[in-house]
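The annotation ATP binding site is assigned in Swiss-Prot to Ser21, Gly22, Gly23, Leu24, Asp25, Ser26.
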Amino acid sequence: MTTLTLNTSLLSSRRILAAFSGGLDSTVLLHQLVLWRERHPDVTLRAIHIHHGLSPHAESWVRHCETVCARWQVPLVVERVTLADNGLGIEAHAREARYRAFAQTLLPGEVLATAQHLDDQCETFLLALKRGSGPAGLSAMGERSPFAGTLLLRPLLRETRKTLEQWAVRHGLCWIEDESNQDDAYDRNFLRLRALPLLQQRWPHFPAAVARSATLCAEQERLLDELLASDLTDCITTEGTLRLSPLMSMSDVRRAAILRRWLAMRNAPMPSRDALERIWQEVALARDDASPCLRFGDHEIRRYQSQLWWIKSVAGQHETTVAWPVWQTPLALPAGLGTVQLVPGGELRRPREEESVSIRFKAPGLLHIVGRHGGRKLKKIWQEQGIPPWRRDTTPLLFYGETLIAAAGVFVTREGAAEDKEGVSLVWHA
């Protein structure tokens, strides 16, 4: 193995963030990137280590990564993530948390490099095959993928695990061994420890053949993307929702392809065939007066105004009141709803000295809003403003004392309207 085995054609960016677990694969990747940096002094290289908290050795792994990065003069970011049960299983949840941390750490103009190799590609293909995936799932991993507004690069994807190990031994590299990698209760470990050695004993080039099949599946998906581009344009709204009316006249196969691509655009997990059928039958075709909802992990698919919505699940806050004693500073909202702040300049009056300020999520009685005659109940206002049902008890309502002043981004009440130029605006950062 030589330095040329790193697919440097991918490294057009000169700012690289390398995912570094401290294991064999990521150690070889980081070593090769360090050598690449030596030949290209304009390259800026950082590493990121994710502390999942799953192993009793996690702290020693952090120290190992710090030592390696210090020796190679690579700035290291250590991110500690908290894993909670979200119904996806520990492997999937750890991966989700890991990539969320990657996305949050990337700097402008920086690309992410990860250490997946040919054997990983084979495992990913077989896991997709086990799930009954179609060409999209069987495409496995690409060497270059869009990620968090930049790129995710896999410059070792053409190399085998054996080749990486030979490189590491030849160059005297040290790496950690995660004890969980020997637990064949995990599907990927079962393939790596039991199934693939047997297959390679019979067919030594099995991983390379699988990689070729994955490439062919990816090419078919790209062709379908081109052919369905105009359909997607017709179906997807500026808000990212999916119009149902164009789908009604499509064949089952074409409609399923559109649904899959829409979900991919929303960064949703690849749905199974059964899941697509449930989306169509239970959500899209639910009766007109229903508010159908189908859960997928910590997200939901809902229907509103003849459109499908992919949204994050948030518990209703109907009974919640959040005091805002220092209204001049931003206020954190519960349930991950973000923050609100009152900024100078706007159509809301400032609170009077004797008025307490709070955020609530319900308002009783008849409300009089700016631009409308007569009083209306809040439910009627939500309907008139086209606010989906699931946003109605999660949209912040600003109160001064017991007086409703405004709904963030939706309306201002007459009692809350500014009478002079010294008004404020309610800004919601969801």
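Backbone N, Cα and C define each Cβ position, glycine as well.
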Most crowded position, judged by CB atoms within 10 A, among Gly22, Gly23 as binding-site residues: Gly22
For the ATP site built from Ser21, Gly22, Gly23, Leu24, Asp25, Ser26, further residues of that chain with CB within 8 A of the site's CB center: Phe20, Thr27, Val28, Leu29, Ala115, Trp175, Ile176
Spatial neighbours of Ser21 (ATP binding site) that are distant in sequence (at least 6 apart) but have CB under 8 A: His49, Ile50, Trp61, Cys65, Ile176, Asp178
In the chain carrying Leu24 (ATP binding site), residues 6 or more apart in sequence that have Cβ under 8 angstroms from it: Arg161, Leu164, Glu165, Ala168, Trp175
Other CB atoms within 10 A, centred on Ser26 (ATP binding site): 25
Residues that sit under 8 angstroms from Asp25 (ATP binding site) by C-beta distance, when 6+ apart in the chain: Ala115, Gln116, His117, Asp120, Leu156, Arg161, Leu164
